[in-house]
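Undergrad: Right, I'll just put the structure down here and ask away after.
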Amino acid sequence: MSSIEPWPAPFAPTPVHATVTVPGSKSQTNRTLVLAALAAAQGQGSSTITGALRSRDTDLMIEALQTLGLRVDGTGSELTVSGRIRPGPEARVDCGLAGTVLRFVPPLAALSAAPITFDGDEQARARPIAPLLDALRGLGVPVDGAGLPFRVQGTGSVAGGTVAIDASASSQFVSGLLLSGASFTDGLTVQHTGSELPSAPHIAMTVQMLRQAGVDVDDSIPNRWLVRPGALRPRHWDVEPDLTNAVAFLAAAVVTGGTVTITGWPADSVQPAKNILDILQTLNSTVRHIDSCLQVQGPQTYRGFDVDLRDVGELTPSVAALAALASPGSVSRLAGIAHLRGHETDRLAALSTEINRLGGNCEQTSDGLVITATPLRPGSWRAYADHRMAMAGAIVGLRVAGVEVDDIGATSKTLPEFPQLWTEMVEGSSG
């Protein structure tokens with residue numbers, strides 16, 4: 001799954017002009033899979049999904065649901081979810097490095113009447129999970145362990161009620177609980193008790209999709225969500241293109257002064273990555289909506305910038321690459337992203353290490369990065385088994401000849417086609 005040989009990042013000596021089609025949203029795909037599984041588990045019937053992303057993260061979610069006894073049929077991006085929660089003996093869920101599997105599936109497993117063990121990649125064992133497990137214990141679910149590996153011992157039902165949780169390390173703690181809340185006997189009220197919540201738009205996505213499944217959710221009070229018990233409606237889900245994956249391609253237009261068009265860009269989306277457009281416009285880029293496409297025309301030059309990425313932390317590696325390639329001497333400040341230290345890798349440490357390895361100037365702050373743009377030199381860019389880090393290295397390689405990404409295969413986590421799409425884009429033939 002990971003490349004053994006370093007990947008020479010394509011260099012673009014002239015502006016990139018290309019049209020790119022990116023596959024479905026990972027965030028939406030894994031939420032639709034869980035919602036479809038819950039509807040089926042309630043005996044409401046099967047659901048279908050069109051446009052599903054097929055990547056390591058989504059395949060791990062499919063395998064997790066199958067481990068729980070549910071059926072996920074279909075090939076490619078067309079899926080059908082049916083069945084009930086009936087795990088076999090010694091059921092074991094492999095979370096890999098997928099935060100959505102790690103945090104969305106345990107509440108679902110709590111509805112089982114059998115023990116289910118969770119484990120994952122070595123790096124996943126450092127990802128925050130204890131607050132979610134403590135929340136499940138607070139709801140009466142027996143859980144052994146404070147991190148991977150751990151075991152959820154369901155009793156066939158969860159009473160529900162009110163739970164307080166510090167989700168300042170990950171909004172997925174809240175989303176994971178909310179997704180299963182309507183299947184709890186008394187529903188669920190989640191109260192966030194910690195400091196400012198990161199990636200709040202991802203919780204808004206969860207709430208919107210729950211409502212689309214017929215669930216009554218009250219989010220009228222800040223940092224509190226009430227999910228009333230009830231049936232989840234089986235339905236057809238149509239997954240949008242993954243706007244977060246599209247960001248790297250849009251960044252290519254900015255750093256080369258070219259034009260990149262993304263097909264199928266939704267007119268109205270709850271995906272937080274849509275906020276990248278505001279950032280790109282501050283960099284003197286021109287953004288156009290043309291029919292169902294989004295087109296970004298990059299500037300001749302752009303200077304450093306200040307941006308709070310608290311709600312869109314997933315964009316940080318791509319935005320950091322943009323900052324490193326700004327006009328020499330200009331300074332960018334990326335804030336609101338302390339929680340990235342608990343992602344696939346410590347992304348703040350990784351970004352500062354890799355930018356500085358190539359001769360850049362990147363310093364960590366308590367909640368972000370300060371990047372002073374300086375001419376970069378060729379060299380190796382480590383991905384740390386992190387898909388976003390690998391993509392950031394590809395962006396840098398567009399303007400710095402001789403950059404090699406040590407593990408471009410890490411992009412298989414959310415976009416297995418990335419190396420091909422990227423190369424085709426640089427050649428101007430992607431579509």
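Each Cβ is built from the backbone N, Cα and C atoms, and glycine gets one as well.
Quantities reported herein were computed from a predicted structural model and do not represent experimental measurements.
Quick paste from Swiss-Prot:
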{"type": "BINDING", "residues": "Lys26, Gly99, Arg127, Gln172, Arg347, Arg388, Lys413", "note": "phosphoenolpyruvate binding site"}
{"type": "BINDING", "residues": "Lys26, Ser27, Arg31, Ser170, Ser171, Gln172, Ser199, Glu314, His343", "note": "3-phosphoshikimate binding site"}
{"type": "ACT_SITE", "residues": "Glu314", "note": "active site, proton acceptor"}
Undergrad: Enter the number of other CB atoms within 10 angstroms of the CB of the residue listed as 'active site, proton acceptor'.
TA: 24
Undergrad: Just the number: how many Å between the Cα atoms of Lys413 (phosphoenolpyruvate binding site) and Arg31 (3-phosphoshikimate binding site)?
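TA: One finds 16 Å between the Cα atoms of these residues.
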Undergrad: If you measure Arg347 (phosphoenolpyruvate binding site) to Glu314 (active site, proton acceptor) at Cα, how many Å is it?
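TA: One finds 10 Å between the Cα atoms of these residues.
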Undergrad: Tell me the coarse DSSP state (helix, strand, coil) of Ser171 (3-phosphoshikimate binding site).
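TA: In three-state terms, Ser171 (3-phosphoshikimate binding site) counts as coil.
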Undergrad: Filter the recorded positions Lys26, Gly99, Arg127, Glu314, Arg388 down to the ones within 10 angstroms of Ser199 (3-phosphoshikimate binding site), Cα to Cα, kept in sequence order.
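TA: The recorded positions close to Ser199 (3-phosphoshikimate binding site) (Cα within 10 Å), listed in sequence order, are Glu314.
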Undergrad: List which of the recorded positions Ser171, Glu314, His343 have their Cα within 10 Å of the Cα of Arg127 (phosphoenolpyruvate binding site), in sequence order.
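TA: The recorded positions passing the 10 Å Cα test are His343.
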Undergrad: Can you figure out which of Arg31, Ser171, Glu314, His343 (the recorded positions) comes closest in space to Arg388 (phosphoenolpyruvate binding site), comparing Cα atoms?
TA: Glu314
